[in-house]
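Per TrEMBL, these features apply:
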- 40-74: region 'Disordered' (REGION)
- 44-61: compositional bias 'Polar residues' (COMPBIAS)
- 62-74: compositional bias 'Basic and acidic residues' (COMPBIAS)
- 84-138: domain 'HTH cro/C1-type' (DOMAIN)
Amino acid sequence: MAGISQDWEPVVIRKKAPTAAARKDEKAVNAARRAGAEIETVKKSNAGTNKAASSGTSLNTRKLDEDTENLAHEKVPTELKKAIMQARMDMKLTQAQLAQLINEKPQIIQEYESGKAIPNQQIISKLERALGAKLRGKK
């Protein structure tokens, strides 16, 4: 055991300095006041308001306002929906039966006949084949 010595050096552990957010919280400010430290308060000019979002029209907002383009989905034309209905009635089919023939949901046939569907060329060609009628190119 002789000849072995330990050289102990003191280890100092320090707390990190408070972050900016911690220095601003209410507890820290009150503790500093009690300790008599100097506290600087600055009133922000537009604190509590959302002026950045509503003050002036930004470039994107102005672009959207000036844009007069009509951004609506294309709907099924009246001629097409009447042609589908007429061809289906001629074959004495219900909407559900026609939908089953073309492997689609009955709701799709309903939307096409009411004019609410967004035209899909694949579905229109399926309808043409099933009904044996030309639905496109009629004007």
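In case you wondered, yes, glycine gets a Cβ from its N, Cα and C as well.
Worth saying up front: this structure is predicted, and the values here are computed from it rather than measured.
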In the same chain, residues at least 6 away from the ends of the compositional bias 'Basic and acidic residues' (62-74) whose Cβ sits under 8 Å of its Cβ atoms read 118-119
Taking DSSP helix as H, G and I and strand as E and B, the domain 'HTH cro/C1-type' (84-138) has 34 helix, 0 strand, 21 coil
Residues in the compositional bias 'Basic and acidic residues' (62-74) per DSSP class, helix first, strand next, coil last, are 5 helix, 0 strand, 8 coil
